[in-house]
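Visitor: Got a structure for you, written out below as structure tokens; questions coming shortly.
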Amino acid sequence: MGTAFGFVFFDRLALNFLAPFVVPELHLNNSQLGALAAGLALTWAVSGYVVGSLSDYFQNRKPLLICAIVIFSICSVSSGLANSFLTLLAARLVMGFAEGPVLPIAQSIMAAESSEHRRGFNQGVLQNFLSALLSNFAAPLTLVAIGEVYGWRSAFYIAAVPGFIVAALIAVFIREPSRPSRTPSGNRIPLAEMLKYRNIWICAIVSCLMVAWLLIQITFLPIYLVQSRGLSPSAMSVALAATGIATAASSIIVPALSDRFGRRPILSLFAFLSVIAPVTTVLFEGPLPLMVLTMGIGYLAIGSFSLFMATVPSETIPPTYVASALGFIMGVGELAGGFAGPALAGIAADTLGPSSSMWIAAALGVVAGLCCLMLDETAPRAIERTKKVVANLPA
């Protein structure tokens, strides 16, 4: 399932890495580039919540997961066939609708199959490790190389192939989790009831902020490095691939630290560290390897995404409602952060200058860190530690 989500982001980010080739051929500006990212995020948000809720209701997650993977793979081919902004936008809208349910469904399966002391680690590896290796490391290297030699359209066609393979592997090797007994509401929870859980609405806010932080950079960083910092497309791809290694490492380090030291302090720490990446992109004037290393420190924050999108909600809400809660948090994050973030940052880049998008991302990281301080702790080890400390206090 980690491979499945890895190729979700591989296909999603393909356009961003290929932007130096696509933008001049289709005559796109920053606002249109932001709109392409925003449109995909919009349909991702809607389908993530709707289909996630349906999977809770019918408890039939595996077929939905396979269908979603097949459809978004087809959409990658459609992106390569685009000959205008509108046709490319249409392909990205359908792709977002297909990709949205993959993570909430996969994470609900992982939550059901994991022990409570390894839930954070397992969900972090699922969401971040292979997605980092595939989308942040392999994608810029392979797609840009293919784009330079065979053209960006061929890169989109090739990007579709792994999705079909993963869908077949899931059909053969992944089993449907055992079905919990239905509640009187049929495994559905009203939104108002869900929002009574403090951690759910805080995680939703953090999701909005951090998804915007990530997608603003993912959308505009490749074109910024080429047009504003003067890198060649191949040098840009190597730089982004190097930061992908940090992202992959964070998928193991950050969830493991949260299992040991607690969700709240680790989430806050890495949200504040996230500011380093966009600030370095704009201000750093040293050698490229040192710049990439410094940016990588900021991108360690990506390892925290599984915590506020999956682990904390899974530990907060009853198990029968997990996919609904995860779909809501991811959906709100995509709607406000993924849709509004790149769209507004694109307008800012066209009107205020290219670096303005990076400064917006930095501000979002600061606010997210402050919000994480408001979370109630959910890590079992941290809770047990607190109980022992309280029990040992003098009466």
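Glycine is treated like the rest: Cβ placed from N, Cα and C.
Curation plays no part in TrEMBL annotations; they are all automatic predictions.
Reproduced below are the annotations present in TrEMBL:
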DOMAIN    1-380  domain 'Major facilitator superfamily (MFS) profile'
TRANSMEM  33-52  transmembrane segment
TRANSMEM  64-82  transmembrane segment
TRANSMEM  88-109  transmembrane segment
TRANSMEM  129-150  transmembrane segment
TRANSMEM  156-174  transmembrane segment
TRANSMEM  200-225  transmembrane segment
TRANSMEM  231-254  transmembrane segment
TRANSMEM  266-284  transmembrane segment
TRANSMEM  290-309  transmembrane segment
TRANSMEM  321-345  transmembrane segment
TRANSMEM  357-375  transmembrane segment
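Would you situate these features in the structure and describe their surroundings?
Guide: Averaged across the domain 'Major facilitator superfamily (MFS) profile' (1-380), pLDDT for the predicted model comes to 86.
Same-chain residues lying 6+ beyond the ends of the transmembrane segment (64-82) with a Cβ under 8 Å from its Cβ atoms: 1, 4, 7-8, 11, 14-15, 26, 51, 54-55, 88, 90-92, 94-95, 97-102, 105-106, 152-157, 159-164, 166-167, 170-171, 174.
Here the transmembrane segment (88-109) has Cβ contacts under 8 Å with residues 1, 4-5, 8, 11-12, 15, 22, 26, 35-36, 39-49, 51-52, 55-56, 61, 64-65, 68-69, 71-72, 75-76, 78-79, 81-82, 123, 126-127, 174, 177, 306, 309-310, 314, 322-323, 326-327, 330-331, 334 of the same chain, all six or more residues outside its ends.
Tertiary neighbourhood of the transmembrane segment (129-150): same-chain residues 2-3, 5-10, 12-14, 17-18, 21, 158-159, 222, 233-234, 236-238, 240-241, 243-245, 247-248, 250-252, 299, 302, selected by CB-CB distance under 8 Å and a gap of 6+ residues from either end.
Cβ atoms under 8 Å from those of the transmembrane segment (231-254) belong to residues 17, 20-21, 121, 124-125, 127-129, 131-133, 135-138, 140-141, 143-145, 147-148, 221-222, 225, 266, 270, 277, 288, 291-293, 295-297, 299-304, 306-307 of the same chain, restricted to positions at least 6 beyond its ends.
Same-chain neighbours of the transmembrane segment (266-284): 206, 210, 213, 216-217, 221, 224-225, 229, 243, 250, 254, 257-258, 290-291, 294-295, 297-301, 303-304, 307-308, 312, 355, 358-359, 361-362, 365-366, 368-369, 371-373, 375, counting only residues six or more beyond its ends whose CB sits under 8 Å from a CB of the stretch.
Remote same-chain residues near the transmembrane segment (290-309) are listed as 103, 107, 120, 123-124, 126-128, 132, 136, 203, 206-207, 210, 213-214, 239, 242-243, 245-247, 249-255, 258, 263, 266-267, 270-271, 273-281, 284, 326, 329-330, 333, 365, 372 (criterion: CB distance under 8 Å, separation of at least six residues from the stretch ends).
Taking Cβ pairs closer than 8 Å, the transmembrane segment (321-345) reaches residues 31, 33-35, 37-42, 44-46, 48-53, 55-56, 61, 100-101, 103-105, 107-108, 111-112, 187-189, 191, 194, 200, 203-204, 207-216, 219-220, 308-310, 313-314, 356-357, 360-361, 364 in its own chain, all 6 or more past its ends.
Through the fold, the transmembrane segment (357-375) approaches residues 30, 198-199, 202-203, 205-206, 209-210, 212-213, 216-217, 219-221, 224, 263-264, 267-269, 271-275, 277-279, 281-282, 301, 308, 312, 341, 344-346, 348-349 of its own chain, all at least 6 residues removed from its boundaries and within a Cβ separation under 8 Å.
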Visitor: Please report, as numbers and ranges, the same-chain residues at least 6 past the borders of the transmembrane segment (200-225) whose CB is under 8 Å from any CB of it.
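Guide: Sequence-distant neighbours of the transmembrane segment (200-225): 13, 16-17, 19-20, 23, 30, 33-34, 37, 41, 140, 194, 231, 236, 239-240, 267, 271, 274, 277-278, 281, 301-302, 304-305, 308-309, 312-313, 316-317, 325, 328-330, 332-338, 340-342, 345-346, 349, 354-355, 357-358, 360-361, 364-365, 367-368, 371-372, 374-375.
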